[in-house]
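J.: Have a look at the structure that comes next, please.
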C-alpha cells in the first residue's frame, strides 16, 4: 500500500520543472510519459488509512481506549481491508441502540494538543444507506428510532450519546446522561432554530473543532437565552436527517402529525399515478414489468434497466408475490425509491415554505440567495417551473416538486460552467502577444511521432476544437508536389495542397480570430514556389501579408486580424535584393533523430546550425510572425523586433522558466514565444502547458492526438473565452511595469488571494471504467479535486471511497483552497474507481477558476478522450470568498482577528534613490487607510455572519434570511424592523427584546458603520494611491540614469529597478482592492435591502424603490482604463 502524499511522478518522458500536485491517479494513465508537472505526489498504490487522523467529511474523531477499537472490514470480494473505526461505516438511518456506551465518555480532552498534518490520508468506507430519505416522514421516523451523535462541550470534551425523538414528537432526548431523564431533554417548542455546520461559539472556540467535519456538525438553538446543543453526526446523511426533521417540527409544532399524514406529496403521487394509468389503458390495475421498467427509464434516463428490474424483483420477493405484473402501488413505491435524490430533497426543504415543493417565492429565494442570480422575479420563477416541472398540477399552480427541482438542478442552466464564458467575453483589441493561443504540434500526426500515420483529419479535428496555431512540416515530394510529414522518421506523408485546402475550409469553423500556420520549410526552391502557388490560390485574401509598421511597438490585435491567416516561417532580411537567399534551418525532426540514440540530452544550442535557401515569394508571405533564433533575454530586449517570433524546445523553455522566470515573463509581454514538445516525446505525450503559461508563453504547442491530463488542461483552459482560441493573459503579465515571478510559492503582489470552497455532495450514473478488472458492474468511486496554476496554487484533495455504488454515491465532503492568482488557476474534478490493483479512470471535468458558477451545480463528466459521458455527473456546492475583496483569508472565530496594531500592511521597498523614495513614502498613509477600510469592513461582516449562525462562506442575503425568524415574536409581530428609507438600512427595536437580539442589532449597526465608512472614504483614498502611482511612473523611463547619478552600480541598480517594479505593482494592487471592496460593499447593501423586503421585515413605507436589483455576486468588475494606471 502506498501512502497518499508519497510516491513519484507519473512516468514522464523527461524531467521537467516541478508541476502541480497531481497524482498518477490524476494523470489517469493518459498517455504514457506525460511529464512536465503531470506526475505529482500521489503514488499508484491504494491510500493508507491513517487511524490517527480525521477525514474531512468523515465524522469520526481520533479516539482512544474502547472507542478506538477497530475491526477488519471486508471488501466486495471478501478481502480483509485495513481496520477502520466502526463509526466510519454508516448504515443509515436505521441504527441499533448501543447497549454498552460508557456513561461519560470524553474522547478528547485537549484538542489543542491534537496536532495533525493538513494533508489527509484516506480510504474510508461509506456504505449506502439502508433506505433512502424521500420525505419529512422518513426523517421523523428515523429520529424516533434514534441515532448515536457526539455532543460537543465548551471544555473541549466530546461525549457519545444516543439521541432520539419522543414518540409524541414533543421532546428531544439523549442517554445515557448524568442528569435524570427528565432533564436530559429539550422541548421541541423551546427550539428557536437549527444551524448547520460549526457556527456557534462552542464550535468556534473548541480546541478540536478543526477535527470535526463541517458537513456532519449541527446545533440546536433553544430557550430564551438561545443556548446551543452542539452535535456531530457519524455522517452528513445523519446530520441532514436531524436538521430536516427538527426544522419540520419547529415549523409545524403540534400540527406535525396532521401535516405528516396529509403531506405524503400528493402532487407527486398523482403525477406518477397518471404515468401508470397512461400505460394501463385497459384499467387492469397492473402493467407488465417490461412496461414499468421502460416508463421509469423514460422518466429518469440515467437509471440502468437492470437496477430497475432488480428493485421490482426485490419488492415482489419481499411480498412472496409470484408473476411479474406491477401494480400501481408497487410502481409508485419503486419510482419513489429510485428517483428521489435525498441530497436534493434536503436542499428543497431548506427553502420550501411547504416542505414538499417550492412555490415561486421559495424558488426566487433559492435563486437569489444560493445561486447568485440577479434580476429574478416571479415571472422568471414561473418560466423555470413551466420548463422543468413534470406534473400538470405543479405547472398550473406554480409549484416545483422534487422531480421538477431535480430536473432544474441537472439541466445546463445549473451547470458549473458560467454561460457568459460560452461566448467571446474578453477584450480582443489588445496586442496579439497579450493572449494565450490554442496551439497544435505536428498537427498532421494522429499517433506517435516516429512511426505514426499522417492524416488531414488531424487538421480538421484541431481546427474544430478552436485551435489557432497549426504546424506544417513541409518536404519535397514526388511529382513536384510538396508533402507534409515528420522528417527523418517513418511517419507517413500527406500532400501539402490537400492540407491547405482543408485549412481553407475549416480555418474559421470554430473561431473568426486569426489562424497561425507554423511552416517548417525543408523544400527546394522549386517546390517552395509550388507551396506559394497553392497558398495564394486556395487561401487568397485570407493571407495576411501587410508589412509590419516599424513605428509601432506591439503586434496588431486579434480583433484587427479577424478572418486572417498568418504565416509563421523564416523570412529573408530586408537588405536581400535577390530572388532567393539563405536562412537558418530550425529542424525539429532532425533534432529528434539526432537525440534518439543519446542517453544524455544536450541543449538545443549545441545542435549545429544549418542553413538553407529560401525563395523571395515564400518570404513575402511572412509578415508579423517572422521566425528567428533566440539568443538570450538581454539581447532580445535590445534588438528583437516585435513581429519576430522565437520557438523554444520544451527543455530549454523549462530551463528559462526555472532559472529566469522574471525575464521570461517580461520577454513575453512584447514578443510571441512558441514552445514545442521535446523531440524525445516520440510517443506523442504532452508537456504540462501550465509550466509555460505561468511564464506568459503564448503558443504552447500540444499533441492534440493524445488525450489525458495535459490535454484536459488545454481544452478546459480555452473554453473560457467562447472557445475562440484566444485567452487574455492576466493583467500582471501584460502591464509594462509589474512584479511577478512565475515560480512564486506565496501570494502574488498586488493580487488578492481568494478562497475556493467546494463541497462534493454526490455522483450520478458513473459508468464502469473501460478495461477495468473483473468486478462485474461494481464501482467503488472516489473523487479528486485538483487545482492547477502557479506553484503557490497547485493542490489536490480527495474524498473517501464509496463502495459498491456507482449509480448514486453520496460523498458529502468539503474542501477549501487558497487561490493566489485566480486568473491563471484551473479546477479539475476527477472520478476514479478504487480498484484493488490499479485505480481506473471514470471521468473528469476541467474548468478555469474564472468560469466557476457559485451555488449548487452539476458537473458533467467527460471521458478520457473528451466526450460527454451520458447522464454521468457530480453534484457540488461552490462558494468563493474574498473574491475581489482583498486581504488574507480570515481564520475562524472572533479571537483571532487582527486589530490595527497587529495588522499587516502592504510594504513598499526602498530604492535608495531619494527623489523616488520620497514619492513612495507619501503612498504609505493611503495604503494604511485603504487596508483599514477594507479589513474593518470584512471583520464587521464576519462578526455579523457569526451571530447569524452562518459561516464566512455565506452572503448577507443568506444572513438576513437566517436571522429573520428570530425577529418575530410569538404572535408573528416583528420585534425588529429595518428602516430602508436611507442609503444605509438601520435596524429598529420594537419594544422590549431579548439580550440576544440586542446583540445582533448592535453588531449589525457596527457593520453598517464600517460599510458606510468604506463607501464614503474609498474614492478619496483611491485617488491618493493612484496619484502616487502616477507620480512614481514619471521616473520610470529614466530610472537607470537617475540611479546612476545617485551612485548605484550594477547589482544595486538592478535591485532598485526591481524594487520600483514591486512598488508600482503594490500600489496598483492596493488601488484595485479598494475599488473592488467598494463594489462588494454596495452589493452587500443591496442584498440587505432585498432580503428585508422578501422577509417582510422592512418598516412600512420605507422601501426604497430606486435601489437596483443586486448584481450577480461574481460579476466581473471592469479593469481600470490605462490612463488610471499611470502607464
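Note that the numbers count up from 1, one per residue, in the order the chain is shown.
Any Cβ shown, glycine's included, is placed from N, Cα and C.
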J.: Would you mind telling me which of 1074-1100, 1101-1127 Swiss-Prot tags as region 'Disordered'?
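T.: From Swiss-Prot, the annotated region 'Disordered' range turns out to be 1101-1127.
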J.: Pick from 17, 411, 678: which one does Swiss-Prot list as phosphoserine?
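T.: The candidate carrying the phosphoserine note in Swiss-Prot is 17.
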J.: Report which of 73, 324, 584 appears in Swiss-Prot with the annotation phosphothreonine.
T.: 584
J.: How does the domain 'PI-PLC Y-box' (618-734) divide up by DSSP, counting helix, then strand, then coil residues?
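T.: Residue counts in helix, strand and coil order: 49 helix, 20 strand, 48 coil.
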J.: Kindly report the helix/strand/coil residue split of the domain 'PH' (141-251) according to DSSP, in that order.
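T.: Tallying H, G and I as helix, E and B as strand, the rest coil: 32 helix, 40 strand, 39 coil.
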J.: Could you tell me the mean pLDDT the prediction assigns to the domain 'PH' (141-251)?
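T.: In the predicted model, the domain 'PH' (141-251) has a mean pLDDT of 88.
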J.: So for residue 584 (phosphothreonine), how many other CB atoms are inside 10 Å of its CB?
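T.: Taking all protein chains shown, residue 584 (phosphothreonine) has 13 Cβ neighbours within 10 Å.
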